[in-house]
Number of protein chains: 2
Amino acid sequence: MMNVGIIGSGQLGYMMINEGRRLGNKYFVLDSNGVGPASLIADAHFSVDQYKEFVDKCDVVTYEFEHVLEEALLYAEDQHKLKPSIRPVELKKDRSLEKDYLTGIGLKVANYRVAHSFSEAVRYAKDFGKAMIKNSFGGYDGKGQTIYDNGNYEELKGEKFVVEEFVDFDYEASIIASRSEDKSFRYHDPSFNYNRNAIFIYNYAPIMPANMPDIAKKLMDSLDYVGVMGIEFYVKNGEVIINEFAPRVHNSGHHTLLGSSISQFEEHVRAITGIPISQPILYRPSSSINILGTKLSTDAWNSILSMSSTQIYWYGKEEIRRRRKVGHVNVTAGTVEALIDKIGKIMEIIYPDGIENYI
Amino acid sequence: MMNVGIIGSGQLGYMMINEGRRLGNKYFVLDSNGVGPASLIADAHFSVDQYKEFVDKCDVVTYEFEHVLEEALLYAEDQHKLKPSIRPVELKKDRSLEKDYLTGIGLKVANYRVAHSFSEAVRYAKDFGKAMIKNSFGGYDGKGQTIYDNGNYEELKGEKFVVEEFVDFDYEASIIASRSEDKSFRYHDPSFNYNRNAIFIYNYAPIMPANMPDIAKKLMDSLDYVGVMGIEFYVKNGEVIINEFAPRVHNSGHHTLLGSSISQFEEHVRAITGIPISQPILYRPSSSINILGTKLSTDAWNSILSMSSTQIYWYGKEEIRRRRKVGHVNVTAGTVEALIDKIGKIMEIIYPDGIENYI
């Protein structure tokens, strides 16, 4: 039994605590946003100015999001308590470092160039023909990025940009993998992911893994990584190109809460507390569908839960606004075909007038 | 979203909260034992003298154990908030009432007689030849009962006894069923149960249901029951005889936490909060093994979690004593045969010198 600290108090931390409960640990949260979902169910929560007290109280400290209080990360790292280490967070702070690191260890990303002004970025984009221009610092869920297409783009502010050649992918995919201190490596079956307006909408597993597990292992070994990582890919003609990685439990791993022998959240807690991680078995094809920017009506709630093998996770966020994740639906089915059919029905229930009105 | 009150603060309430979290309710506990497992993760807990405040704060009140503060049950019933109602609790307070009720609605129990002194009970037992003598009031996990066999028995204190003809059963089994306000009825696949020294050790599902679902439906309909109920059976030559029922989530339903599309705990929360209950799908054969009277060593813990498709639930109880449930292991396998093999291995890990030393 350990005191486990989580930096960040969103829904990822919340599910980490809820899934980690059975292991008997205590869970403490460093909450940078008032009282977030994770704080509501933690054994105790601390405000950001209490970060030293928080770290001192914990046997191990992890993060549920990589853009959190740097002092807390540094102090936990300094106390040899931070898992995963601060290294992947540093890579994530600057997209250009992430790209350079991935290519440096021989992994394939989209062709890219680093620009030090927006006008330079536009020049590179023009060279590529069609490209994504992304602010190198911060930004997630599509913030701080624009598509350059045939001279059309949105102006971005910033000092450094990564310009990626547009990948005309067949589909997007991801893998959730875990690695422990003793270098054991495990992974959940990769999933097909549907994103829209640069935000994750739904996914389902399993899909053919291609070489995604090998890529995950190579990346995690190179970082001597401890914990769960999510890696997003573009897939084109069976070839797998890394979009980006997340050094934490991942939005595309929520489906592991239903229909799997272990969830990504329990796997993460096991890895960072030094107990054996487990090769996940997917009992049946499984999907997760985000609830974004809408409070489900009672009818919608009941319609979804009346379907066979469904769960709703409601995060208890007070404010519901466009693009904000407020919950998700998990669903399984006997076959991938039947699952896709159920996903369609659930999407219609959640977004009766079309997803574009919520994101 | 509702305020859900739970009377009792043991591991059953604890799992109810943990599994009910995703539905977004608040959970409050009336704790009769200081600070039990459920109180540790509840949104708030109340001491027994605060029972009115507790009930007033809740939209619905349930119980995780039938032998709890009667004033609280009565007050919640009076406020039309108690689900299931107080009726099944009243039947459980006196074994003779339970037996009379079951036979009264045409369900089969072992032959029995009610005695008003222990000497009278012994006389009836002698007539049966071999019998169980049980104190009619209180008593669970084998407390307050003795076997009468060939003139041998233990002396029991009490005012009223139920004497049951001994059933030379082939095996014991149970069903976990649920019923909602709109009279919907659902059930998990029945399980084979292994009890020893009158305490539940492990079980596995599925087994052939025989007429267990019909029995459950008849009993629950007759009580206009809302929530989850566990019913224990003796099975002999395919014939099913009710041992007893529990008007709550049940020890033999812990396996529904792994390998099922819904756990008994979520099903119960759904039923009492008026959202649709779901017909459970068992993804794979699934088992639960109690951890009784022992603190698992780190090696034991790691050995169990190194097996495929296992989980440990540790209840966080401070005191570990003989016969006390301090956790359980869930495990699934591809076939019942493979599952039985895994159960054997796990039993050896938990109880290296034999289960009889722990119960």
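Note: Cβ is positioned from N, Cα and C throughout, glycine not excepted.
Copied over from TrEMBL:
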- A:R95, A:K134, A:139-145, A:164-167, A:E172, A:243-244: ATP binding site (BINDING)
- A:99-273: domain 'ATP-grasp' (DOMAIN)
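Feature map: annotations from TrEMBL on the structure.
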residue : record           : DSSP class
A:R95   : ATP binding site : helix
A:K143  : ATP binding site : coil
A:E165  : ATP binding site : strand
A:N243  : ATP binding site : strand
Neighbouring CB atoms within 10 angstroms of the CB of A:E165 (ATP binding site), all protein chains considered, total 18
Averaged over the domain 'ATP-grasp' (A:99-273), what pLDDT does the prediction give?
-> 95
Other CB atoms within 10 A, centred on A:R95 (ATP binding site) = 24
Fewest-neighbour residue among binding-site residues, criterion Cβ within 10 Å, set A:K143, A:Q145, A:N243 | A:K143
Cβ neighbour count (10 Å, all chains) around A:V167 (ATP binding site) is 20
